[in-house]
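Report on the structure given below.
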Amino acid sequence: MTVLAIVEHDGGVPTAGSLQAVAVAAQVGGTGSAEAVAFGPGAELLRPRLVTAGVARLHVLEHDLLDDYSPETWGESLAQLVGQLRPDGVVAAGTDRGNELMAQAAARAGLPFAANCVAVDGGTGTSPAWQLTRARVGGLLYEDADLTASVKMLSLAAGVEVATAPSAADSHELPVEVFTPELPADFAYSRVVERAGHTTGVTLATAPVVVSGGRGVASAEGFAPLEELAELVGGAVGCSRVATNNGWRPHSDQVGQTGTRIAPDLYIACGISGATQHWVGCMNAKAILAINTDPEAPMVTRATYAVIGDVQDVLPAVIAAVRRRAGASTGRRPALT
Amino acid sequence: MDICVCVKRVPGTGSTILLTDDGMNVDTRHLGFTIGPHEECAVEEAVQIVTAHGGSVTVLTAGPPEAEEQLRYALSLGADRGVLIDTGPEELDAEQTASALTQAIRQLESGGSRFDMLLFGNESADASHYQVGIRVACALELPMVGGVKGIQIDEAAGTLDLRRDAAGGIEVYRTPLPAAVAVAEGLNLPRYPSMRGRLRAMKARLDTVEVQLEPGGLRKRGLRRPAEQGSQTVMLGTGPEAADAVADVLEELGVV
C-alpha cells in the first residue's frame, strides 16, 4: 500500500499538522507505505525531518507557477501527481489551505474527499472501503462514514491526536522524485498579489486569557470593563455572534464556528449563553469562567467556574480585587530606603 | 454583474444538537431551518454588488421542496430570482450536491448568458464538507478562492481582488472574471429583511430545475455526539461578592 501525505512547510520546516498527516499515512498503510508530497522552494530541506518520521519517499512538485500558493495550480498539480502514482490514499492536515488543496485535487481527479477526519481505518482485503469518522459543525458532531474510491483522499481535523512511530532507519537516504505538472498557458487561476502580517501583540488566537462578551454585555460601551480586565491580565477581548451582529464588536473579535476557534488557558465568558455555534469556538479552553445572570445557561452548566450575576456588577468588583492584590503584593516588597 | 449565490437549508443552532432516533440526521423538531452565516453574507454581498454595478442576483439551492423557505428568505434580502433543485428528503453527499448545482447552473446558462460570479459559503453549517463550491468551479472551469472576507471588483480590467485571512495575517488573490468565490462570515454585516422585501419574497414565483444524480464515494453510516467531559461547574458565588473567589481562581491558574 502507498499513502501520500501532503507536507506543508515553511522553507523546509514541516508544520505540526503535516507531521500528523505523515503519521496517519504510515498508520493506515503500514511500515514503508508513507510517501510525502511537498510544493515549492525549500522542499528538499524537509528530508532529514521526514526520514525520522518514517517517510519512504519524497515527491517534490516543481513548476514556475507553483512557487507561490495558488489553489488552482497546486490542486491541478496534485491531481496530476495522484493520476500518475495511483496511491491508495492521500492525507493532508485539515487547515484552510489543506482542505482547499485537497478539494481542488479531488474535484479535478474525479475523486471523493473526506474533510476533517478524527479517526481513519484502512480497508481490509474483503472490505476495500476505508472506515472513518469526520468532524462536523467544528467537532460538535461526529459522522461515521465509508470512503470508497480508487484513491482515498482525506484531511485530518485540527488537534487530532496521532501516535507517531519514529523510524529507526534514520540513516538511509530519502529518495526524492521531482514531478513537473503540465499547466497550460491559458490556465485560469488566482494568484496572490498581496500578503500582510498582523500587527504584533496579543491576538485573539494566541492570547493566554480571553475575556469575551455576549448579549448580556448589552452595548458597545458595555465592553469597557472587559477591555480593562483583559489588559490587566495580558489577555485579549473576544465576543459572541450576537455582539458582532449588533455592531458592538468587529467580526475579527468573534469566537465561534464562523469566527475564531481558540484554546486559551482561561476563557472568561461574560453574558454569553453558550449556543453550540459559540461553544465550538471556546470548548478547547483549559478552563472556562462563566459570568451570567442565568444559572441554567448552557455556558454556566458547561463551565469550569461560574458566577451568577450581571457582568456590569461583577467585573468592576473583580477588577478591583485583582488590583488590590497586585497593590498588596507590591507593598510587601522590602522598602529600599 | 449577474451573480448566482448557492445556499443550503440547514438546521438552526440551539444550545445542544439532538439526533433523530436512527442517528442519521439532526433532530430539527425544535430548531427550524436557516441558511448558514457564511451564505447569508454571500447573499448580502451579491445584493450590494448588484446595487452598485447593476445586474441580477439568482439564488440557487439543492434540497427538499421545503428549501423554498430559504430561497424566499434570500429573496427578502434583495435577491431577484430563486431556483430550487428538488433533490428529495435525503441528505446529499458533497459530490451529489456539487453535481446538482453544476447541472442547474449549466441549464440556467443554456440561453447563452453566463454568470459573472458564483458565490458560495465557505463550508456548510451542518455537513462541513469544505468542497462543494470548489467542485462546481472545477466542473465549470472557473477560478475559485475560498475563505474570502473582502471582494473588490475591477470591472474595466475584468478582475476580482479577494482578501482572506491567512496564518498570521491576510492575503489578497487576484482572479480573472468569470470566477467563483466561497465567502466567510465577516465579509459584511447582513441586513435584516425589510417588510417590503418579505412581502415581495412571499409572492415571488420560484423556478425549479431537474437534475440526474449518482451517489458519490463518501457514504454516511450515522451521526453521533462526541463524549463530553462531564465536569461539575464550581460555583464561585453571586454578584460582586464573588470577586475575591474569582481573584483566587485567577491566581490559582497563574493568570495574575
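A Cβ is built for glycine as well, from the same backbone N, Cα and C atoms used for every other residue.
Those TrEMBL annotations? Automatic predictions, nothing curated.
Since the structure is predicted, the reported quantities are computational estimates derived from the model, not experimental observations.
Per TrEMBL, the features are:
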- A:3-187: domain 'Electron transfer flavoprotein alpha/beta-subunit N-terminal' (DOMAIN)
- A:R215, A:240-241, A:254-258, A:271-278, A:N292: FAD binding site (BINDING)
Entry from the binding-site residues list A:R215, A:H278 having the most other CB atoms no farther than 10 A: A:H278
Of A:R215, A:I272, A:A275, A:H278, chain B-adjacent binding-site residues (C-beta under 8 angstroms): A:A275
Residue among the binding-site residues A:I272, A:A275 whose Cβ has the most other Cβ atoms within 10 Å: A:I272
